[in-house]
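Here the structure is laid out as structure tokens; the discussion comes afterwards.
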């Protein structure tokens, strides 16, 4: 065997040990992809800064979500600190509050003095009995000692007693439940499949504010304060529907959404505009999607591209179509945080 063969295969001619994955265990690489049926937020960021922008987006969404939640339910904010039950109950034997009258305070002092005198007399009798050990049994000694301890504890003012209400096992179980709830986040990052694009899924319940409300609150706050909130996030758009990017699927998915924002029987018809953008998908005709979305809106409402009341945002990323309806889209710099905070 030559020197090169020994270097490759070792002394025995065997190569390096190959590491195989365990059988039957799936390997997950990266984030889960965006799928139809979810809702959340569509964000754009600087290319190559997706991880940093994701962390910023999660922090911002948590912040504005909590603000809106407390505005809707102020009782929840006030009861947050008192939700955890107390484990200890403290009771005071002697009531020496300042609100009591002077006569009651004098009576308490007299009772304390009489208790101290009685305890001193009993201590003297016990000392005398200790000298006469032959007449006293060990049982009586133990009883007298216990009585003296109890009376001394009762005679001491401001003595607090602690009573445990719940066992330790239940308290540990409650702590573990709280730790588990903290790990269940309201917002989860998903893989959009495109560079410079982030998708944050919102696990929404009935009482939670919608993604549209969160984004509108965020943009209004940025417009009024002009304070920078992020370094890498550019645009934040709400997503209320995610479906497969085809004309038929889009028309089916947007019907319940348009019934909410554009009712057929409305005294005040609204003006709307359809804004379309596609990434990593060249097989879909732009005008066909725009016309399909515009025709799904009932007739009392009209198209107005210059000054719309509602803007229907359609974003396509690979094979997914994301739709959201917002207000003041152009006035708020097309929901671009960088432009909103840089304006003066």
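Numbers here mean position along the shown chain, with the first residue as 1.
Including glycine, each Cβ sits where the backbone N, Cα and C put it.
Among the residue ranges 1-33, 34-66, the one that TrEMBL annotates as region 'Disordered' is 1-33.
Across the domain 'THUMP' (221-327), the DSSP tally of helix, strand and coil residues reads 30 helix, 37 strand, 40 coil.
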